[in-house]
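What follows is one structure encoded as structure tokens, with my remarks underneath.
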């Protein structure tokens, strides 16, 4: 899978791919500069500077068995000859069943690069690696790329070498657990080692983690406020004291009433995150998201100014690399096809519909799980809780599966679109992949927040799946509890289990490879370094991309629906502290060196953050309006409650809210025979509130228009409501 992804995505770096010519002077001057460079550059030759093995930047690996096959051996020698003709030196070392080819660039290659971009700065090792990697993934004289040769068995793999001296410094100052709570990261050293793109990722991650501190503090304050008033909520008091009120059975297997007071604990738990401070926290997070983005733009500007990258342009550099690779490089004209664009749009919509369909499968699972757990003769509270928790686990497993499918589909769509440059390909792929991932992660949350419990009818006339299974209803303590549990389980698993797998998988793989390695210590220290780099876990184009995507999804959980899960910023903060060191250790100790990429911003991810910020404002507003009890409580408090004409000393303004919110049904109108509790004669059954206007004739006595489907009942010995 990784080889296919690497081949598809590297298509944007082909030698014949078009790079738009800039209208300003620098872009137009590139072709002329190349002419002077190609005529005046000396013929590549050996020199004492390049004989130093410490200057090998890149290593190719092949199997010795390929040399015994004439066709493969001929392609291998032809490929190496092409590299030498382009100004690269090759050092060949045979080591048992493997052949290593050390690659480094002649001085003429750096001179060409500097002349094309009109810069006088020295060419660092990150630039030399980037130049060779571009040529390696481009079509050479015989039209085969390196990936084509890997598929044919000519070569096995390729990788840039870790810089041992700089690596030791970063291990000590950055990639270690003792620096877990360090305030600053050595961003400049990271840039010198991994390039600007990786450095900007860690700069953004560090800034994001720092900005999470006030958000985490506010969320924790809201949660603790609810905790300190755990027993003080008037609504919880009324529910806990409602011993004469009973719930109608909501499942098909349990035909017994349950006391309303049985939900006392869940009512108190709901108050932890659905209280008077929830609205203020939602408003705070909307402002926080905006401030975070604006402050990051200022931080990025400072970093880019410090690196002197404002005059650098990515497309110009790609053009320069293409000219270094081929002096006969021609710009490819922009080709637009309405048929291709329509096909891509339809396929994208089809995948989005599939993501929404996965949410429907989750609905089907929850319905069937409710029926299965109900048949075990368990208490209804346990059945409901089990359905909510297992549904969240199933959703998490679906996310893991759909992530791989989404990446493959996004690659295919991007390949079908045929973008002209690597940067354009990366941008289009980012948009497509994030869109599919967003629906995979949040479609079920949207269903729980705004649909669950609103379409399943009322007692006596329930909506059923396939006419047999009753649709699932909200948790007894409200839909906010369902949303809270769903977010807590998914986010908790992604931040713990996924991070453990992300670290343990390459660590165990490296240990296994080290145990399998039976090589003796070679006399050549350079070969020993090549062996160590070869045993490390391979990296590919999406290694950094996956880290960005993981953070974007986490940012979505931290802002979207945060009103239902105030602890999300706190969980994200602690997760990011670990994630920063985890990524650093993985890149330096467990993986081969990433190909350095130059950049002056985080690219399309900034637009993704802005979109998430807008969605967060909309989603949290809708949660407050439709999912939370905040608005019904306010309406009752100032229009129906005892304080409608002014506050009364010693009386809570929400007194009587539960009784006011109930709608009563006569149990004789229910189609099933229900047994009372403790042999009490139950004659009335209530909903909170009426779920539909098409109720049984004469059965709904009172109602308050809210989007709820909790069913209550009361005994005839209870007080009138």
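Yeah, the Cβs are placed from backbone N, Cα and C, and that goes for glycine too.
Whatever TrEMBL says is automated annotation, not expert-curated.
Annotated by TrEMBL as transmembrane segment, the relevant range among 317-342, 343-368, 473-498 is 343-368. Given the ranges 410-432, 433-455, 502-524, the record in TrEMBL names 433-455 as transmembrane segment. The stretch that TrEMBL tags with transmembrane segment, taken from the ranges 531-554, 555-578, 579-602, 651-674, is 555-578. Residues 380-402 are the range that TrEMBL records as transmembrane segment, among 380-402, 679-701.
Annotated by TrEMBL as transmembrane segment, the relevant range among 278-296, 297-315 is 278-296. Residues 387, 391, 394-395, 398, 402, 406, 409, 413, 416-417, 432, 435-436, 439-440, 443-444, 446-447, 465, 469-472 of the same chain lie 6 or more positions beyond the ends of the transmembrane segment (343-368) yet place their CB under 8 Å from a CB of it.
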